[in-house]
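S.K.: My structure is below; once you've seen it, I'll send some questions.
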Amino acid sequence: MLLVCMHQDPNEVCTLHLVDVTPEPLTFFHVIYLGRRVARWEHKTRKLSKAFGSPRLACYTLGGAILLLNVLRSHCFTQAMLSQPRMQSLDNPAVYHVGLALLGVGGVFVLSSFLALGFTGTFLGDYFGILKEARVTMFPFSVLDNPMYWGSTAIYLGWAIVHASPTGLLLTALVALIYMVAIVYEEPFTAEIYQQKASQAYKRS
């Protein structure tokens, strides 16, 4: 529960509304945390690869589960916004078009990231031993680190602005924070995986 100041009129006193955002942060956390938790477990044990008969099939299965959770996440985000009051200061055509622009930019980053990485590269294939030959440096990685995360954040921000939703803005800020934490823990682990690959290749040579 959070208190949000809603200005219905510039000359009026700020009105406080109680906003329930409890289910949505948990949903965002679970999508990000559980996927990587399972992937790390797979990296240590290879039990998913053994159960499904191949690393690729196991990765596709986990990726499919993450996609379904992402659909649930987006639904919860939208429902949380629609169930709460709109913010008057955001409810105008100029701001609406800013939201549309953010949706477009975010969509470009997410889609181009997926095309550059492929399905297994996007959905934690490196934890399954499915590694790229070299670090991806083409667009959008040439202009932004972690473009999938920041593109997704831009989409949620744009969606919140289009709906003039203070709840959406709060949830977007939480999403960005969760992504930053994920990056801090994920990048060293991914670097370690590729370092192990390079070390093994060096020993074979």
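Positions of Cβ are set from backbone N, Cα and C atoms, glycine also.
Features from TrEMBL:
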type: TOPO_DOM; residues: 1-9; note: topological domain 'Lumenal'
type: TOPO_DOM; residues: 40-51; note: topological domain 'Lumenal'
type: TRANSMEM; residues: 57-75; note: transmembrane segment
type: TOPO_DOM; residues: 73-99; note: topological domain 'Cytoplasmic'
type: TRANSMEM; residues: 95-124; note: transmembrane segment
type: BINDING; residues: GLY104, VAL105, GLY106, GLU186, GLU187; note: S-adenosyl-L-methionine binding site
type: TOPO_DOM; residues: 121-163; note: topological domain 'Lumenal'
type: TOPO_DOM; residues: 185-205; note: topological domain 'Cytoplasmic'
S.K.: With a Cβ cut-off under 8 Å, give me the same-chain residues at least six positions beyond the ends of the topological domain 'Lumenal' (40-51) that come close to it.
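M.R.: For the topological domain 'Lumenal' (40-51), the list is 58, 61-62, 127-129, 189, 193.
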S.K.: In terms of Cβ proximity under 8 Å, which residues at least six beyond the ends of the topological domain 'Cytoplasmic' (185-205) contact it?
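M.R.: Distal contacts: 36, 40, 43, 126-127, 131, 135.
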S.K.: Which residues in the same chain, at least 6 apart in sequence, have a Cβ under 8 Å from the Cβ of GLY106 (S-adenosyl-L-methionine binding site)?
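M.R.: Within the chain, GLY106 (S-adenosyl-L-methionine binding site) has Cβ neighbours under 8 Å at TRP150, GLY151, SER152, THR153, ALA154, ILE155, TYR156, LEU157, GLY158.
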S.K.: Would you mind listing, in sequence order, the residues at least six apart from VAL105 (S-adenosyl-L-methionine binding site) in the same chain with a Cβ closer than 8 Å to its Cβ?
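M.R.: For VAL105 (S-adenosyl-L-methionine binding site), the qualifying residues are GLY151, ALA154, GLY158.
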S.K.: If you count Cβ atoms within 10 Å of each one, which of the binding-site residues GLU186, GLU187 comes out on top?
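M.R.: That would be GLU186, with the highest Cβ count within 10 Å.
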S.K.: Taking helix as H, G and I and strand as E and B in DSSP, count the residues of the topological domain 'Lumenal' (40-51) in helix, strand and coil.
M.R.: 11 helix, 0 strand, 1 coil
S.K.: Report the same-chain neighbours of GLY104 (S-adenosyl-L-methionine binding site): residues 6+ apart in sequence with Cβ closer than 8 Å to its Cβ, ordered by sequence.
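M.R.: Result: GLY158.
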S.K.: What is the number of residues in the topological domain 'Cytoplasmic' (73-99) that are helix, strand and coil, as DSSP sees it?
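M.R.: The breakdown for the topological domain 'Cytoplasmic' (73-99) reads 20 helix, 0 strand, 7 coil.
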S.K.: Looking at S-adenosyl-L-methionine and its recorded binding residues GLY104, VAL105, GLY106, GLU186, GLU187, figure out the farthest C-alpha pair and report it in angstrom, whole number.
M.R.: 27
S.K.: Under the DSSP assignment, what numbers of helix, strand and coil residues are found in the topological domain 'Lumenal' (121-163)?
M.R.: 22 helix, 0 strand, 21 coil
